[in-house]
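What follows is a set of notes on a single structure, which appears directly below.
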């Protein structure tokens, strides 16, 4: 189903390598890597470059339920049914640190946008927040009375949204650690929740086949979509905030136009349930995973015409009637005078290049720090293991001496 003037999304690649259903997918910042978790207990890192081999990371003792790249792209977090969370360096060695995060299955892992914190959600009914450095436990949020399927930081890191089988979505203030609102779902459980890029609303994927968009400032329902014929497993906002993609047990992916409040595309790719879906950080691609053990990468296409402009001029607002729209002030004011257009564009281009170079340099530095931190953490773990072994050897030696003495 295509909309006028828009180009349809197209399947770009598909990856096979998992031996069981895919549970989660996520893109690296630079879109050169894609991570996937599976019921086969493995995490795969797929390279988007041609002829580059995939990495299979083995370490979890049970199904991998969730995966996410850190904002810098130099770490991958994974949560498992073995109750642990692992932080991996996505390179050929596949080194990782592990910590027991919960007393039951870890359903969800999510980095804060500054990359400093990690929020986890579990079947033990709790949401926990950790430091990424040394994986120090900070605090627990424990008002849910059933499994917690998903927990996410807001883009500014001040709020946490959690979705549970107790049929509520809870909003938490990270600083005060208090629940500031509960959205009650009467139709079914919520499998997945995601924040709009503006941080003003959240979208929820329900077992009652619906997708709902809630305003987190007014605490009211904005939009309600009944487009799937089965459970909705996952959803992801386009970085522009104008589109939402969903994955369902009806085997389809659906793309919703939030400005128009309508279904834009229905995509058939997976044989059986589509379990996970995510837009890349730039929005020009999206990836999906299914119970057919396949990971698919799609080219977005329909956003290509105006996405550059959207990024520059987009502001978000929610009007009183609750429909989402964007304010494009520069676009609405007509074209600027022609004589300054060339000068402005040259100046802007030069400025953009400088900003891009600076951003790339900072990105690289942050990335290297991430890797150093992680390497130190791995070395600390190895040192602890060596100390334990040494202690064991000394104890055994003492026992032997003692038995000889007797």
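Just so you know, glycine gets a Cβ as well, placed from its N, Cα and C.
Bear in mind that TrEMBL entries carry predicted annotations, made automatically and left uncurated.
The stretch that TrEMBL tags with region 'Disordered', taken from the ranges 327-354, 355-382, is 327-354. Scored on C-beta pairs under 8 angstroms, the neighbour of the repeat 'WD' (15-56) with the top count among 99-140, 225-266, 267-299 is 267-299. The list of residues near the repeat 'WD' (99-140) in space but at least 6 beyond its ends in sequence, with Cβ under 8 angstroms from a Cβ of it, reads 65-72, 75, 77-81, 83-85, 87, 146-153, 155-157, 160, 162, 164, 172, 174, 177, 366, 370, 373, 377.
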